[in-house]
Amino acid sequence: MRLNDENDEEEGPKTMSHCSIGHLQQEKSFVIVGYALTSKKVESFLKPKLEGLARNKGILFVAIDQNRPLSDQGPFDIVLHKLTGKEWRQILEEYRRTHPEVTVLDPPDAIQHLHNRQSMLQCVADMNLSDPYGKVGVPRQLVIKRDSSSIPDAVTKAGLILPLVAKPLVADGSAKSHELSLAYDEYSLQKLEPPLVLQEFVNHGGVLFKVYIVGEAIKVVRRFSLPDVTKRELSKNAGVFRFPRVSCAAASADDADLDPSVAELPPRPLLERLAKELRRRLGLRLFNLDIIREHGRRDHFYVIDINYFPGYGKMPGYEHIFTDFLLSLVQSRYKKRSV
């Protein structure tokens, strides 16, 4: 079952035997979480503090051996994963079918929905969420699948307004999928490389909100983002400017001296309603949202990206939030069995 992960990294920690896991479950009532993660993800997520707290709460993380059939391993209470590829998806779907008692985080078909930026934000657009706390939408966007020379005409026909943010159409977690460009003029649009998504750039005070969702728990942090573009700058600048993974590489803006109108977090009731509806529509429990507030409009927000199983290691207090979530899954399952 050896699979290629996102970055073709080395295999993670050694796994425990089936007998050892079964003994732990029976003797100490451990919750066994089998994980299939890249070595990079293991390093950033499975930190000693998390594993220590988990063990104190009766949770044990066990590496899934990619060289052995998944059904021969465990028994697991929960399977936590973030690997890519058609073969892995098929293995997990078969495992879910034959092991309905195991919670798989998250269903591979649901995750696949977020790997395409055309479909990724459609759920948010369809919601058209608006209440007394604010309005949540998505920037106007256009999908270009081929022929860069046709981009200027396509943009004109769609009525999109420059500057435009260009993102790869495929969002598979690779470094390339997080690259973005800012195009200032129509001529430079031809320099972009399809397939891609073009989004209207919305001035947002240079700050975005990363909304981490772990089950029903929500945690919001501020991150520096691309600066606003004035009309004067737009008239003076031309070309395509390329950027790294902006929200990830940027320093935290939580302790920065920001304009209160920029720093104010989105209203909690609005985020709770948005997260609840997206959990239902996406069928996911582990994801985050990149949200911006339109500069000068306090109650107008845009979701610009959604990521499955994001970098929770950067989320303050993630160890307690995540372990409580894992325990709640097991408790909920036992309640359903007893009914």
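Every residue, even glycine, has its Cβ placed from backbone N, Cα and C.
According to TrEMBL, the protein has these features:
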BINDING   K41, K82, H178, K210, N307, G311  1D-myo-inositol 1,3,4-trisphosphate binding site
BINDING   R117, K167, 199-210, S225  ATP binding site
DOMAIN    130-338  domain 'ATP-grasp'
BINDING   D290, D305  Mg(2+) 1 binding site
BINDING   D305, N307  Mg(2+) 2 binding site
Nearest of the binding-site residues (K41, K82, H178, D305, G311) to F209 (ATP binding site) - Cα to Cα
D305
Among the binding-site residues listed here (G205, G311), identify the one with the smallest other-Cβ count within 10 Å.
G311
Neighbour count, 10 Å Cβ-Cβ cut-off, for D290 (Mg(2+) 1 binding site): what number do you get?
19
Any idea what the Cα distance is from K41 (1D-myo-inositol 1,3,4-trisphosphate binding site) over to G205 (ATP binding site), rounded to a whole Å?
31
Among N203, S225, the one of these binding-site residues whose Cβ has the fewest neighbouring Cβ atoms within 10 Å
N203
